[in-house]
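These notes concern the structure reproduced below.
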Amino acid sequence: MGVARCGHVSGGCPHARGVSVPEAGCGGGEALPRALPGSWRRDLGDRRYRLERPLGVPARVGDKRFLDVGRADRKPCGRGPRLGSSGSPGDRVEMSTEAEQQLLHHARNGNAEEVRQLLGTMARNEVIADINCKGRSKSNLGWTPLHLACYFGHRQVVQDLLKAGAEANVLNDMGDTPLHRAAFTGRKELVMLLLEYNADATVVNGSGQTAKEVTHAEEIRSMLEAVERTQQRKLEELLLAAAREGRTTELTALLNRPNPPDVNCSDQLGNTPLHCAAYRAHKQCALKLLRSGADPNLKNKNDQKPLDLAQGAEMKHILVGNKVIYKALRRYEGPLWKSSRFFGWRLFWVVLEHGVLSWYRKQPDAVHNIYRQGCKHLTQAVCTVKSTDSCLFFIKCFDDTIHGFRVPKNSLQQSREDWLEAIEEHSAYSTHYCSQDQLTDEEEEDTVSAADLKKSLEKAQSCQQRLDREISSFLKMIKEYAMAKEMLPSFLQKVEVVSEASRETCVALSDCLNLFTKQEGVRNFKLEQEQEKNKILSEALETLATEHHELEQSLVKGSPPASILSEDEFYDALSDSESEQSLSRLEAVTAHSFEEAGEHLGNRKHRMSEEKDCGGGDALSNGIKKHRTSLPSPMFSRNDFSIWSILRKCIGMELSKITMPVIFNEPLSFLQRLTEYMEHTYLIHKASSLSDPVERMQCVAAFAVSAVASQWERTGKPFNPLLGETYELVREDLGFRLISEQVSHHPPISAFHAEGLNNDFIFHGSIYPKLKFWGKSVEAEPKGTITLELLEHNEAYTWTNPTCCVHNIIVGKLWIEQYGNVEIINHKTGDKCVLNFKPCGLFGKELHKVEGYIQDKSKKKLCALYGKWTECLYSVDPATFDAYKKNDKKNTEERKNSKQMSTSEESDEMPMPDSESVFIIPGSVLLWRIAPRPPNSAQMYNFTSFAMVLNEVDKDMESVIPKTDCRLRPDIRAMENGEIDQASEEKKRLEEKQRAARKNRSKSEEDWKTRWFHQGPNPYNGAQDWIYSGSYWDRNYFNLPDIY
């Protein structure tokens, strides 16, 4: 314990704590003022508040109590009077740790007179100290004076402490109350004394034991059991009374106690708290009771359930299986003060809507839903209040965060109770819909079983057949017999039989109608439940993604570069057996999206048709030319559309079956996108001409990296191929020809086969993109093996493509990254190239980077490769590369800072690839560099020059290619020409046609047969693959399916 500059012991004088005190505080014999400086109050921690009550008034249980003791032998500091001097004791306030230690010492030793003197100084406010202080020495660690006095059996000390306001239920570090200690030591008189001061006999200590379970005295155990029963019954009576009177705050406090009363307790009539809340129509109390485990099936002494006593339709809905339908959950809003750890109390405009609590700086911001300062979902939220403050309340959320609010004192329209009731209602709403899973067995009972429906229909059918027979017999009687008087009795008897049969038929049909009505009601109820659940979850996901995005932006100056939406296959054409209902929802979604932007698209359509340019020359009917340098029409801007606006309306559907509007497409089929693997075919020709197997592996690795380079900045998705769709491409200038086919629709698989015109290579494979939705991103893992055969060297290479991830699906700019390991194997030599496509990371340092090594079959490093898949790839000696990697760690920070300075002004822009974006290690050899894109690429879906010609067609080509070729697909052609409406209509027509064809094959039990490929094992690694069957280039296109 240190000494302040004034001479006071540290902790006893404000000077010792670095507090600036006025001269009146410690000099000239004057006393410190009652109002302590705010800095001192904050510095005192848990013991910072002086007792604010008149002298002589008993303290309430649970309040902090402070006392102070003066020492006559303490030396004066020279700046103020010592304790016991002639100053005014009532005006002096001094914190004394020594006083607490003395109190603990005397309570332990039973020095009643000394304890009484110490408590007397507290009553006169001479010195501040905590009467519930805990010891810090080995002999009293974590124990309060009351614990010590009870344990050592000092009755008079215990009585004096309790009279002075000591907390009877205070816990030590082991979780024991004074009652635990008194019971453990068998001190009956102390146990009785503690109970007189409202000691709680139900408190459980750190070992899970109550006071009765730690005592060894049978008499004390019996007494505590009786007290426990009495206390429990009092709590139950309070709970019943709160439920009857609708006092939600009191009821919540009782149920949130560490040892709450039995929620299913009953009164003299057998009514539980839920019964009481039901017949008084206190819905908030009923909701709280149900959420706390109240049983709605218990009966009172009159054999009545809470539902039988329920008043009002809404209360009955609450009690029917605890299923709540919120027809019109009210929006509640108003001004509230909100506490903040750094800024204190600040006034916000707070809004409660759909189970979400949001706060804004101003009311107009809330009206327009802009500049929201924060929000919290109220799922499983619990409100607590302070009885000493009628305006203050706290909300504890499901993630254990606590938010403090205060109702403005001048708010006449709203009170704390109004806010608590509204929060409770919205919390129940959010909890109900966010925590609801599959139906339980009890809920399933509400659904009419198929057996009941069948039985009812069979009964109605039997009655109908009987009625038909009786009517036929009656008509026959009329025809055969004259209406003689002697026939009148039998005639009337027959009429009665027919009438009775009619009545039975009506009753049976009425029963059927009732069953179907009940069934329809249950289905509608479930539909409403799911709709509300989906709405809550989608709003929660969007809020979470937005907050996550804002957090990332605050951590990283400059967002990650935007890039493409690539192999994110959203397979549009659904099967009739799986998605007839989904289709109607999706059509409504798509129609809604285009209704919102119809005017925008209409204005653009005419302007875009006038801007068609195919690069000059003799144009055909489609306005295109072979080896064109531009498309007939520029792309539409997607800034007015959001992928999330589509996905949020399809929650619960399989990701591969979500129909996306054509505005998000690019005018290419996925088969044509696969063909872009061949853009850098010169690398294969080069590999075939090399004699060194390591150099050949370098070229093959560069070709594998270049295959994904065209995806950079491609934000549109290709059209999903129809089953049986094909595509061919012959490029004599590049020395290859290719054929591809959509061989499967579920799962969607595309197969391709390319060969060199000089018979120097064969390149083939099949791709099945497996999709995963991660909330803010969509990940496409391209399943399937890629195989390259170099025929002159009798070598075969196999690999799989890296994983593609599209970010910012919900908020922010779309961008893509490729990541994962790509392992290229030479099956002849055993050499292997392992490339690591690095993920972006938090600060984007590794964005687009590719690194790896070429190894022989003994795993010896032969060569190192590095670069970026968006621009280039280099090779270098592995020792040089490893040395560079070690040195790179030292200057990484310097390069990162310079990079941040250069990009801080345009953080949202995609960096263009240039020679400086990859540091070239001395001695490196360039293997591949991406070709520059045409100047108009940004207006042409960011196509490369190679992609620009993939969909061109002329009259000569139309007479050669099969009718299943992508170039003849009408929706892609309309999209390319800028006819968005027609493209959307054609896309819908083709999907419906494909569904009808699948239904016809299902009826005829006919299996789909591929034309140009067959399924079989890969000849080199044994994996399942699709192998080219041959004969395509013979041009014998007979019996082709009509898919367009």
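Cβ from N, Cα, C; glycine included.
Predicted automatically and left uncurated, TrEMBL annotations should be read as such.
A quick note: this is a predicted structure, and the numbers were derived from the prediction, not measured.
What TrEMBL lists as coiled coil is 527-554.
Annotated compositional bias 'Low complexity' per TrEMBL: 78-90, in sequence order.
Feature annotation from TrEMBL assigns compositional bias 'Basic and acidic residues' to 597-615 (among others).
What TrEMBL records for 984-995 (among others) is compositional bias 'Basic and acidic residues'.
Annotation source TrEMBL lists domain 'PH' at 329-428.
Residues annotated as region 'Disordered' in TrEMBL: 71-95 (among others).
If you look up TrEMBL, you'll see 597-622 (among others) marked as region 'Disordered'.
Positions annotated as region 'Disordered' by TrEMBL: 889-914 (among others).
What TrEMBL records for 975-1007 (among others) is region 'Disordered'.
Summarising the annotation, TrEMBL assigns repeat 'ANK' to 141-173 (among others). Remote same-chain residues near the repeat 'ANK' (141-173) are listed as 58-63, 65, 103-104, 106-112, 115-116, 119, 122-123, 131-135, 179, 181-182, 184-185, 187, 189-190, 193-194, 197-200, 203, 205 (criterion: CB distance under 8 Å, separation of at least six residues from the stretch ends).
Residues annotated as repeat 'ANK' in TrEMBL: 174-206 (among others). When DSSP labels each residue, the repeat 'ANK' (174-206) comes out as 16 helix, 0 strand, 17 coil, counted as helix, strand and coil in that order.
Annotation comment: TrEMBL describes 269-301 (among others) as repeat 'ANK'. Confidence across the repeat 'ANK' (269-301), taken as the mean pLDDT and rounded to a whole number, stands at 86.
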Taking a Cβ cut-off under 8 Å, which residues six or more beyond the ends of the repeat 'ANK' (174-206) line up next to it in the same chain? 61, 142, 144, 146-147, 149-151, 153, 155, 158-159, 162, 168, 212, 214-217, 219-220, 223-224, 227-228, 231-232, 258-259
How many of the residues that make up the region 'Disordered' (975-1007) does DSSP mark as helix, as strand and as coil? 26 helix, 0 strand, 7 coil
